[in-house]
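Please read the structure below before turning to the comments.
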Amino acid sequence: MFALRRAAAFRPVVRPMSARFFNTTRITLNSTPVKTAANLAEVVNKESLIGQGAKEGTIPTDLEQATGLERLELLGKLEGIDIFDTKPLDSSRIGTVENPIMVDSFDDYRYIGCTGSPADSHEVQWMRLTGEKLSRCWECGSVYKLNECGVPQDDHHH
Ligand SMILES: [Zn+2]
């Protein structure tokens, strides 16, 4: 009798893999479920940027599965807002030390590429703008300066 019970207790449990497992699982870091933001106004924290996944039996769209910053960018696109400000820099003039081309950034650095003035006058030259320092393009001499727009934070991670 004892041996039988023991065998039953150690029988491996085999569950059939269900489609549900892949597309309805939501990962949340706290116990209160957070509503997935359907627009920018509903974004309240990182958890609200976790995509809800696809309906069972369908292939997820980018919007259904995108998570985090990618989802924030997509939600912005739906409202015509360019979250990461990817429009080209001002190339109507060459920046000077007295009057540099200002580059907005939400962080304390930003990578930029210069192609001169007018745009595409030379091959792209990449620069890393930081803090108060001016950066000058090796190719055309245009001067750039970072314009920090973000909220200052102490958790510097670089
Ligand atoms: Zn240049």
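Backbone N, Cα and C atoms are what each Cβ position is placed from, and that goes for glycine too.
The Zn(2+) binding site annotation in TrEMBL covers C114, H122, C137, C140.
Here the features listed in TrEMBL are placed on the structure.
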residue : record              : Cβ neighbours (10 Å)
C114    : Zn(2+) binding site : 28
H122    : Zn(2+) binding site : 15
C137    : Zn(2+) binding site : 23
C140    : Zn(2+) binding site : 16
Q) Helix, strand or coil at C114 (Zn(2+) binding site), per DSSP? A) strand
